[in-house]
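Data block below; observations after.
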Amino acid sequence: MAANLWLILGLLASHSSDLAAVREAPPTAVTTPIQNLHIDPAHYTLSWDPAPGADITTGAFCRKGRDIFVWADPGLARCSFQSLSLCHVTNFTVFLGKDRAVAGSIQFPPDDDGDHEAAAQDLRCWVHEGQLSCQWERGPKATGDVHYRMFWRDVRLGPAHNRECPHYHSLDVNTAGPAPHGGHEGCTLDLDTVLGSTPNSPDLVPQVTITVNGSGRAGPVPCMDNTVDLQRAEVLAPPTLTVECNGSEAHARWVARNRFHHGLLGYTLQVNQSSRSEPQEYNVSIPHFWVPNAGAISFRVKSRSEVYPRKLSSWSEAWGLVCPPEVMPVKTALVTSVATVLGAGLVAAGLLLWWRKSLLYRLCPPIPRLRLPLAGEMVVWEPALEDCEVTPVTDA
């Protein structure tokens, strides 16, 4: 009995020591193939360092928020983006391998615990006839003293290049320059002034970053920003149409009024001609059109984007005109008449000669030539011996 008791106590002591060893064992370190993940807002890059001994030769790619995946720069431990928001907290993730294993993630910019519901909301922008216009709504928790200011810059440049929009407006007040109250709910920027008036120039800015800042007596409120692709945001304007008659022909030509679709437009032309019961539509790629023998006719035209096929302009103003019928000059008419008469005379003479020859042929048919065959009909005469007596004659 005593021996059994000592055996039980020994087993319990051994189990307790094993549990203590388990509790005292250091936790297993979780290792990742990358470390020191960080954002460079000046160059729009997400960089990292490979962990010691990590094999990341299988390829890396990144993702900003819910955007499409971006491959890492060749030979470098970083991904480059076209833009980075300095206002929205965005999650950046690095993936490795074909199975898209998550290697690390980071948020940028760090959340400053500001009241984001006081920031401007629903920022939207569009381009029309050389002007960039943006509108926003006041934050639902913005106090009455909060006012907003809009800045813009080339997306390829950093925040140090921000420039303020000069022409603010609100729902009920239009004013140039900063308004003295918090009524800013939009702003318009003349792109021809700040970018130059030459479309498709080498210095053409393809995208801009729009930032709306807010501030009140309690201090600044979080900002709102957005990257605007100027070509995508451009609202197509109807072309400027002119028409004229060139004799009996009608000539229509037009000029597009879109800055960021230079050379990337097609056109739909509608022609309403009095000689036709229904208007005719033509899809053309060149900015002019000819109609022969036009008569009473009218034109209108609209643009369509070759980049975004669903993007169309409205119809231009319809222009009508009446072109005179085609009139042949007197000299040309005389020459044509003479040529017609001569041609008819030659045809008649030819027919007469043919008729006379045909009649003579029927009245006096030609006598066929006789061909006397020689072979088989000839008689060959051969000399024969004389059978008469010949008496010689002598002189007396």
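For all residues, glycine too, the Cβ spot is worked out from N, Cα and C.
Since the structure is predicted, the reported quantities are computational estimates derived from the model, not experimental observations.
Each of C187, C223, C245 is a candidate, yet Swiss-Prot gives the disulfide link of C323 to C245. Each of C79, C87, C125, C364 is a candidate, yet Swiss-Prot gives the disulfide link of C223 to C87.
Annotated by Swiss-Prot as motif 'Box 1 motif', the relevant range among 12-20, 75-83, 363-371 is 363-371.
When the recorded positions N91, C187, C223, N246, N272 are screened for a C-alpha within 10 angstroms of the C-alpha of C323 (disulfide bond), the residues that qualify, in sequence order, are N246. If you count neighbouring Cβ atoms within 10 Å for each of the glycosylation sites N91, N213, N246, N272, N283, the highest count belongs to N213.
The glycosylation sites recorded for this entry are N91, N213, N246, N272, N283, and the Cα of N213 lies nearest to that of C125 (disulfide bond). Rounded to the nearest whole angstrom, the C-alpha distance between C245 (disulfide bond) and N272 (N-linked glycosylation site) is 15.
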